[in-house]
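A short worksheet on the structure shown next.
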Amino acid sequence: MVNMKASMFLTFAGLVLLFVVCYASESEEKEFPKEMLSSIFAVDNDFKQEERDCAGYMRECNEKLCCSGYVCSSRWKWCVLPAPWRR
């Protein structure tokens, strides 16, 4: 009788331990996507848009000059790519 009680106790303790380990790993897995998304969409100072003295493509060019490689459209007042018919 004692041997059967000990084996039942060890079996029960093993099942409880297995349940605790599975629950802990499942709770970590639930937090993992949240951590991953927050790290992906975190705003970093290196990726912020920087202020420039020139206007880029399709930006207004009233006060600002267009960046190199672009010209100010006389009709729309936007910086556009130069074309043979634009001078």
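Every residue, even glycine, has its Cβ placed from backbone N, Cα and C.
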Disulphide bridge to Cys67 as given by Swiss-Prot, partner from Cys22, Cys54: Cys54
10 Å Cα neighbourhood of Cys54 (disulfide bond): matching disulfide-bonded residues from Cys61, Cys66, Cys72: Cys61, Cys66
Number of other Cβ atoms within 10 Å of the Cβ of Cys79 (disulfide bond) across all protein chains: 22
Cα distance (Å, whole number) from Cys79 (disulfide bond) to Cys67 (disulfide bond): 8
